[in-house]
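TrEMBL has this to say about the protein:
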type     : residues                       : note
SIGNAL   : 1-24                           : signal peptide
DISULFID : CYS34-CYS49                    : disulfide bond
DOMAIN   : 64-215                         : domain 'Cupin type-1'
BINDING  : ASN99, ASN109, HIS114, GLU119  : oxalate binding site
BINDING  : HIS112, HIS114, GLU119, HIS161 : Mn(2+) binding site
Amino acid sequence: MEHLNKALTALFATLLLLAPLLMATDPDPLQDFCVADLNGKPSVNGYPCQPSSSAGDEFLFSTKIASGGDPLANPNGSNVTELDVNEWPGLNTLGVSMNRVDFAPGGTNPPHIHPRGTEVGMVTRGELLVGIIGTLDSGNRYYSKVVHAGETFVIPRGLMHFQFNVGKEPATMVVSFNSQNPGIIFVPLTLFGSSPPIPTPVLVKALRVDAEVVELLKSKFAGGY
């Protein structure tokens, strides 16, 4: 019992000594804003700050998503205009970002995942089928709804999802993330357009198709999106 008491006392003393170190990190901003120096190396919560003397008002405002790109410029029939910290340095350390996505009729934002952020979106024009696929915990349940202009949706962090323009007219949505750099993993591109490529036998076994099918799909994504 005496040895146990000594061990517990030593453990308690160690925790007391470590407490200031464990509490020393603060993920929240410690200044009004920290405009990113994109030439610097990112750390845990963002890029290093530019000197305040060189961070003008323009870094706190952006018109980048006031207009979108051409949704017919790629085979998906959609165009993403990103507004993360790399496009808007004023977002640095604030933990937020936005995207605008424009869709041609029949266009899709293919199945993808944001590994570092939850997504909240609003359809501003047209109507979009929004689909969300749960994890194995939910039995891979598929949730979906046609979302009309003025309506909103939420995508929990890390869940696969897509949007598809089911209308006859162009559609647009604006989304925001609780991350300044939420990241994106396009599922088809990841499987069939990785560099270097995933070995064909692995995909044959995983997808339960012939090698010819895998090679055909790889050829479709060789140039990316």
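Glycine too: its Cβ is placed from the backbone N, Cα and C atoms.
TrEMBL: automatically predicted annotations, no manual curation.
Quantities reported herein were computed from a predicted structural model and do not represent experimental measurements.
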Minimum Cα separation from HIS112 (Mn(2+) binding site), reported as the residue among recorded positions CYS34, CYS49, ASN99, GLU119 that achieves it: GLU119
Average model confidence [pLDDT] within the domain 'Cupin type-1' (64-215): 96
ASN99 (oxalate binding site), number of other Cβ atoms within 10 Å: 22
Chain-mates of ASN99, ASN109, HIS114, GLU119 with C-beta within 8 Å of site centroid, oxalate: VAL80, VAL101, HIS112, GLY121, ILE155, HIS161, VAL175, PHE177, PRO182, ILE184
From binding-site residues ASN99, ASN109, HIS114, GLU119, HIS161, the one whose Cα lies nearest CYS49 (disulfide bond): ASN99
Alpha-carbon spacing, CYS34 (disulfide bond) to ASN109 (oxalate binding site), which is rounded to whole Å: 32
For CYS49 (disulfide bond), the number of other Cβ atoms found within 10 Å of its own Cβ: 17
Distance in Å spanning the most remote Cα pair of ASN99, ASN109, HIS114, GLU119, given for oxalate: 14
C-beta crowding around HIS112 (Mn(2+) binding site), within 10 angstroms: 18
Neighbours of HIS112, HIS114, GLU119, HIS161 excl. site residues, C-beta within 8 Å of centre, Mn(2+): ILE113, ILE155, LEU159, MET160, PRO182, ILE184
